[in-house]
Amino acid sequence: MAASELYTKFARVWIPDPEEVWKSAELLKDYKPGDKVLLLHLEEGKDLEYRLDPKTKELPHLRNPDILVGENDLTALSYLHEPAVLHNLRVRFIDSKLIYTYCGIVLVAINPYEQLPIYGEDIINAYSGQNMGDMDPHIFAVAEEAYKQMARDERNQSIIVSGESGAGKTVSAKYAMRYFATVSGSASEANVEEKVLASNPIMESIGNAKTTRNDNSSRFGKYIEIGFDKRYRIIGANMRTYLLEKSRVVFQAEEERNYHIFYQLCASAKLPEFKMLRLGNADDFNYTQQGGSPVIEGVDDAKEMAHTRQACTLLGISESHQMGIFRILAGILHLGNVGFTSRDADSCTIPPKHEPLCIFCDLMGVDYEEMCHWLCHRKLATATETYIKPISKLQATNARDALAKHIYAKLFNWIVDNVNQALHSAVKQHSFIGVLDIYGFETFEINSFEQFCINYANEKLQQQFNMHVFKLEQEEYMKEQIPWTLIDFYDNQPCINLIESKLGILDLLDEECKMPKGTDDTWAQKLYNTHLNKCTLFEKPRLSNKAFIIQHFADKVEYQCEGFLEKNKDTVFEEQIKVLKSSKFKMLPELFQDDEKAISPTSATSSGRTPLTRIPAKPTKGRPGQMAKEHKKTVGHQFRNSLHLLMETLNATTPHYVRCIKPNDFKFPFTFDEKRAVQQLRACGVLETIRISAAGFPSRWTYQEFFSRYRVLMKQKDVLSDRKQTCKNVLEKLILDKDKYQFGKTKIFFRAGQVAYLEKLRADKLRAACIRIQKTIRGWLLRKKYLRMRKAAITVQRYVRGYQARCYAKFLRRTKAATIIQKYWRMFVVCRRYKIRRAATIVLQSYLRGFLARNRYRKILREHKAVIIQKRVRGWLARTHYKRSMHAIIYLQCCFRRMMAKRELKKLKIEARSVERYKKLHIGMENKIMQLQRKVDEQNKDYKCLVEKLTNLEGIYNSETEKLRSDLERLQLSEEEAKVATGRVLSLQEEIAKLRKDLEQTRSEKKCIEERADQYKQETEQLVSNLKEENTLLKQEKEALNHRIVEQAKEMTETMEKKLVEETKQLELDLNDERLRYQNLLNEFSRLEERYDDLKEEMTLMVHVPKPGHKRTDSTHSSNESEYTFSSEIAEMEDIPSRTEEPSEKKVPLDMSLFLKLQKRVTELEQEKQVMQDELDRKEEQVLRSKAKEEERPQIRGAELEYESLKRQELESENKKLKNELNELRKALSEKSAPEVTAPGAPAYRVLMEQLTSVSEELDVRKEEVLILRSQLVSQKEAIHPKNTMTDSTILLEDVQKMKDKGEIAQAYIGLKETNRSSALDYRELNEDGELWLVYEGLKQANRLLESQLQSQKRSHENEAEALRGEIQSLKEENNRQQQLLAQNLQLPPEARIEASLQHEITRLTNENLDLMEQLEKQDKTVRKLKKQLKVFAKKIGELEVGQMENISPGQIIDEPIRPVNIPRKEKDFQGMLEYKKEDEQKLVKNLILELKPRGVAVNLIPGLPAYILFMCVRHADYLNDDQKVRSLLTSTINSIKKVLKKRGDDFETVSFWLSNTCRFLHCLKQYSGEEGFMKHNTSRQNEHCLTNFDLAEYRQVLSDLAIQIYQQLVRVLENILQPMIVSGMLEHETIQGVSGVKPTGLRKRTSSIADEGTYTLDSILRQLNSFHSVMCQHGMDPELIKQVVKQMFYIVGAITLNNLLLRKDMCSWSKGMQIRYNVSQLEEWLRDKNLMNSGAKETLEPLIQAAQLLQVKKKTDDDAEAICSMCNALTTAQIVKVLNLYTPVNEFEERVSVSFIRTIQMRLRDRKDSPQLLMDAKHIFPVTFPFNPSSLALETIQIPASLGLGFISRV
């Protein structure tokens, strides 16, 4: 393809840039061959002239289309080159927050420097079982691929993790191991996977340290082999280590730390067990303070120490060994503090009693003087003699550091060996997966021996990687049968030869180390002489003679020769080692046991700071040991051997590659440094993989995918029925160069750039089609607009003309209206003028006539008033006389009444001031108010009386005055007569004077009375006003209190309602949580029970020769039943021995808590046994006494004595049986080797539970039998001797009841005894059959019974008396409390007093109400209990009477006359019961449960028929009062159902069938239990069928638990069926064809969305749902239960779909959102068809619906962000952000979500409190409930079909 076709205008290219490495630009004009300059437009807006290289004429790299940017696999890119790879990684890392990317077979992992929620258990479950290309790139996908290939190909696997320090190698390896541990599990109970994971904290503590690049950098390489057995479960592991950086022990650079373990020890120095180590702060030690950074932010070294110790314990490292390790490490720290003092230039010394050295020697257990000597001296050996030479201070310091490094390296190897021993498995390893965590390629400013070894290892790994990639490419081409040519790839074998071949760098280094005077300089010269100018990969620096350069596959590296020899020799003074070997500390010599041997591959290299200038002495011939020591293998030789071993291991496995990239050097989260990234990509081989892929055919499409994608480039005539031929024809037309593609068997192979070219053609075609569509639509829009405008213009014209016509018509109408208005207005004016004149005339007339009438009226009025004045004057004179007469009378009355009023007032004042008055006033506020009101009324009455009195007095006074006036007139008239009688006149004058004086006095008294009356009136009015004010205030306070009470009541009501609603919701949540927890526990219990049964079966199969007498039978009691039914269930005793024999081959530690509980139970059982033994002894004594009495009189044995004898024998046998069982129980508990002893289903546990229940039940049965026998004896005596007064039990009972004293009863009993004893000799004469003796014995029993009853009555009376005393005491306390409360109330103000009294009254009434309710409940319970007991006793008495009739002898019947009686035959009435024999129980269970085929029963018979049959059998056993039969039938039923479900538990029909029948059986037990709550919907006939003798509530609980387990099993079955369909049907399949586009894919091919044969579609899911629903309906499952199952199914569909959507970037597009919404609508339509919309199933799909909506909504503006936040309330923040990050355009017309928009979403959702978990829990099971659903089916109408084979049962 010509460049001119690709480098056209607007094409985008990559150009080099010194800052960003590569920069994007756009062509401004087409490129033509021969152009030397390209005109480019940069993204920042600048124009640039890019000059082409005149030599190579190489054009810049082309950019990939935007739809390919961000792909999961780099090989899916059309243009494969460095800038495309770098840009794709950057977009995924920065924009999408995706740290994993595939590059062919390599997983590129970029360290985010941030904790991401993508490693949880849910993510592991999501990747488990998935193909590598079906999910987004992840370390779990690589681990799953390795695990799957190991199982599929039977070949060992390796995961090679490499990268720079800080790139995340260790974390990636750790997550891979965690995945294996989680997915595979362990094959034994030793939890090997936990041990494998526990090795990480240990190795990190001793092998990791903080560096400037990484806070937890691994300073060694390791290869861990995780072993698996034949079932691919972890059985063990093995670890090999490489290149431990020993120099870090003695030296750390700035801002770095030593190994973590030292800082953990210092942080834990204050622990009691570490006191002996004498540690302190890390800054106190030379080896831990050099870096100046002893603390890592966010890391607690003390907690890490605890984790390390816990991991050591888990791996079996004992406490003593742990303390030994810590002693050695502490000794190394103290050794670093040892200081030297120079004596001269060649010698030094240590201060005497140097504390650090003393501590070191104490910890190491070595001699102080000896160690002090050899730290400052060394031994030199010559050919003839050996002598000791002092060393300088520098040499001594270096020797000390070398010793510390050597000790640490030995300790490191010892710990690795112990970890390997702990991880070693005795089981044979079938296969393994190796995880290699090793340094990546390293280059620093100064590179030494460590970097040389690391880069050498990376050269070997890169060679193996290149060969593997080439091999895979070759296999793919051969598989597709396409011609291929040898791909030219970089082969680094020359570089490897340069290092490891003969006379290579390592050979020359080893040779120089053997030379006595070899130095780094001489070695460098040998390198120059051997390789310089002879090998193109070896160079010499220009300015140095002590360095060399090697051209590695990644880059050129310059190595400094200084230190190479010393690090390669790894020497330490032998004398110091000998001192340590002589240590008293046993662990220390163990570290140096292999010094005489060659160092193993696990040994570490040395990297000391300063080399020791020491020349090894020549060995003598007579010392072979010394020769062996001197010729030990060098570090380089050891590393080369271990590397060869590693490569052999890797070549024998299938490798998987993980390349870790460090995005920046500053540990900033999600920050991408392009320069650093490119360096690492070049170094780790990713670009080499890209180059190899690009050299061949990197792009690969299946024919169907190619046809679906590029159908738009084909014409209709090109489309053939054969897709392959169609694709060939089209490609030949589109791409003329046939070398650019190849046709394989199933795929089309394209060279690099061809897919981009096809995408360009497709985009151009779509763009042209869009332009045509736009042209057509725009023309149609404009035509439509023109027609609309024309129509609008015509409409406007029509309306304008109409408007003008209407205006003219309006003008005419207005003209006519104006004329009419003028006419009427003129008429109005004339009429108004006439009316005004007429009105004025009428007014004048009216005024004139009024004036005349008024004058006439005034005259008449004057005359009338004159008459009235006369009348008034005359009347006044008469009244004046009358008043004068009355005044005197009233005055006398007033004086008397005043005197009486004063007395009354005085009495009232005294009474008012008295204390009693105040007490009465303060009795209660209401009484006071009433009294005040009454007082006001009385005072008002008094006021009215006083007013009346005053009125009377005024009348009397007026009458008196009138009388005096009349007298005066009369005297004046008789004045003339008085003149006559002078004397009479004088007397009259005196009398007048006296009367005047009396009048004055009367007036003054009247005035006083009036003043007093006025004063009293004022006082009364004042008092009334005060009382009114007080009354008003009280009323206001009362109203306020009432209002306040109402408000408080309202507030309390609202608060209580709110609290009630909240508490109800919380209780519902708690109930659901508790129900879920309980059902999860049941699920876990059933799983453990199944595992236990499987283990039993395995042990049975493993034991080839069964033990004699050992018979394996299924336990009739599951551990579940023993948990819930131990109080009501009694096991058959003959089954106990078979259950107690359990396999005891496995030995595990005994559960001590359960063992102690069992011991307690045994103690209680022994106590009960002792009580029963005492009772038995007492009965035996009674029997012996009775025998002695019988010897005194003739031996006569009646029926009662025989019965007593039988009962005694039965008790003896029962006692023996209890002893035997107790011995068996002790024996079972004493067997410590059996692991099942302490389990709930274990033999000892079952025996204990069964014996306890049997003892309690047996005691109850014995009591009932005694009562029945006693009542039977009494009835027999009454029937046999009704006339015998001496032995009449009824009379005696009445007499005894009349006796009140216990002594009287005892005397009567003794007298009766003597009487009977005296008459015992002639009892034969009295009765031939000895019936009197039976009566006598019955009387004895009755007397004993009465005595016990009296004792119980006495105790009850005492209890009642005590209760009454307590009640009296409580009443006294209540009285005192009431008095105290009254006293407190009197001290309170009136308002508080009212409130307190009301509160007290409310409290008292509430307490009384509660007490009454409690008493009522107790009485109801007692009544129900007594009714049940009455039914039981009535039935037993009836059975006994029947038994008595049957016991009557035939002779007695013959004596009675027989009359012939006609017995009419009655039609048989069935009672809804089924009868079967005890021996037919197993047959019943077998035919009805074990061998029943659900399909036939569900189709042909009524739903729930087995449940009805079983319940009818239970009813009959209840009718017979046979508790053993009921118990046995129910136990067999439950165990059989479990057995069926275990055998056919993966069959949906079977599980659904037995879930339905179990629920129906449970509903029957409730419906016919006799409880009122379950009998509401029963008919009268159904109520007659209720159970009468047994309460099976506990069995209902067991059946409910069984139903829960069946439901959970049903959910698991349907989940297993649906799970393979969900992803394919809901996500991958295109339900709406043509909506989703197929994008190019890389090497990791995903499943095509095009439906092929065998793939699942949405219709498959709907068909399966229909199948499930129809099966459940056929089985008669409860509708509510069906709704719960459907809800669970839809939850599984939604959760799995959403989880896969969140883990698949290719599914997050707009078109896929449409597909999902359509699929969800189809599911909702299915719910509507089945009338299940109210089941809650639709709500479970809400997260999926919102995710689909999120894919389709706009994602640009802040309004869009607000809409998304309000819409996606069912999604968590993590899920929303994840979907937005994964959103990928399928076509060029879609846009990506910007980073700023995602940040806006995060800011808006930061306050939302939701789970940080990314995925939904697809394994979550909603708690199930079984609402009561009574059946309307009558039991008596049920017919049993012959097909069930139940002919041995009969209807009753």
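One-based numbering along the chain as shown.
Cβ from N, Cα, C; glycine included.
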TrEMBL annotation of region 'Disordered' - which of the ranges 598-630, 994-1026, 1027-1059, 1357-1389 it falls on:
598-630
Other residues near the ATP site, CB within 8 A of the CB centroid of Gly163, Glu164, Ser165, Gly166, Ala167, Gly168, Lys169, Thr170?
Asn111, Asn214, Ser217, Ser218, Gly440, Cys660, Lys662
So which residues does the region 'Actin-binding' (643-665) touch in its own chain, when a touch means Cβ under 8 Å and the partner is 6 or more beyond its ends?
89, 93, 103, 105-113, 139, 142, 145-146, 149, 153, 155-169, 172, 176, 213, 223, 240, 242, 434, 436, 440, 456-457, 460-461, 464-465, 468, 601, 671-673, 676-677, 680-681, 684-686
Cβ neighbour count within 10 Å, max among the binding-site residues Ser165, Thr170, goes to Thr170
Across the region 'Actin-binding' (643-665), what are the DSSP residue counts per state (helix, strand, coil)?
9 helix, 8 strand, 6 coil
Taking Gly166, Gly168 as the binding-site residues to compare, which has the smallest set of other Cβ atoms within 10 Å?
Gly166
Please list residues from the chain of Lys169 (ATP binding site) whose Cβ is under 8 angstroms from its Cβ, counting only those at least six apart in sequence.
Val161, Ser162, Gly163, Ser218, Asp437, Ile438, Gly440, Cys660
Counting across all protein chains shown, how many other Cβ atoms sit within 10 Å of the Cβ of Gly163 (ATP binding site)?
27
Could you tally the C-beta atoms, other than its own, that fall within 10 angstroms of the C-beta of Ala167 (ATP binding site)?
25
Under a criterion of Cβ-Cβ distance under 8 Å and sequence separation of at least 6, what residues of the same chain contact Glu164 (ATP binding site)?
Arg213, Tyr439, Gly440, Phe441, Glu442, Cys660, Lys662, Gln680
